[in-house]
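Below you'll find the structure, written out as C-alpha cells, and then a few comments.
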Amino acid sequence: MVIVHSKYQESQRIAIFLSMPDEIQTEEIIKDIFKQGKECFIPRYKPHSNHMDMLKLLSAEDISSLPLTSWNIHQPSDDDNVREEALSGGGLDLIFMPGLGFDKKGNRLGRGKGYYDTYLERCVKHPSGKPYTIGLAFREQICESVPVAENDVQIDEILYEDC
C-alpha cells in the first residue's frame, strides 16, 4: 500500500524510521526506495535531548554496518560526519513516522521525547518547506483521540492495514 501511494511515487528524498519490533516493519519500503532510485534518510537520535537528524543511507545493506543504540536499532554514530543531513542539502519530500498511537485527526502519540515534532519545526524553516508526513500504524494503534501538547505537530496522513 505504501509503495503505490501517490505521495511516495512523486517523492525523491524520503526519510523513514528503522523499525523496532513493536512497529510497522519498514525494511521492504527501504529496499524499494533504493530500487526506485530515490534518496533515503534515517534518524540519528541524540541521547538526553529532543534533537534528531535525518542522515543519508547509502543502500539498504548499509543499515547492518551501523552501530546499535540502547534501543537495539541501528543508527549512524555520533561522530559520523560524512553522511548528508537532509536539511543541510535539499530538504525532504516525505517523512514516514512511527508512533504508539494515532487518531484520525492527524494527532500522533510518540515515545515522549519530541524528536519528530522538533525536527518538523526545523523542516518548516528550510527553503524546501515542510515535507508531507505519513504515520505508519497497525489498526490497533488508531484511537478515538490521543493526548496532544501544544508543540505536537499533526501529521498529514495515517496509513494502516485495510485503510
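Keep in mind that glycine also has a Cβ here, set from the backbone N, Cα and C atoms.
TrEMBL: automatically predicted annotations, no manual curation.
Listed in TrEMBL for this protein:
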- L18, E23: substrate binding site (BINDING)
- R108, L109, G110, R111, G112, K113, G114, Y115, Y116: ATP binding site (BINDING)
Euclidean distance between Cα atoms of G112 (ATP binding site) and L18 (substrate binding site), Å: 18
Surrounding CB atoms that lie within 10 Å of the CB of G114 (ATP binding site), all protein chains: 18
G110, G112 as binding-site residues, winner by CB count within 10 A: G110
Cβ-based isolation winner (fewest other Cβ atoms within 10 Å) among the binding-site residues E23, Y116: E23
Nonlocal residues around R108 (ATP binding site), in sequence order (Cβ under 8 Å, 6 or more apart): M97, G99, G101, F102, Y116, G135, V146, D152, Q154, I155, I158
G112 (ATP binding site) and E23 (substrate binding site), distance between Cα atoms, whole Å: 16
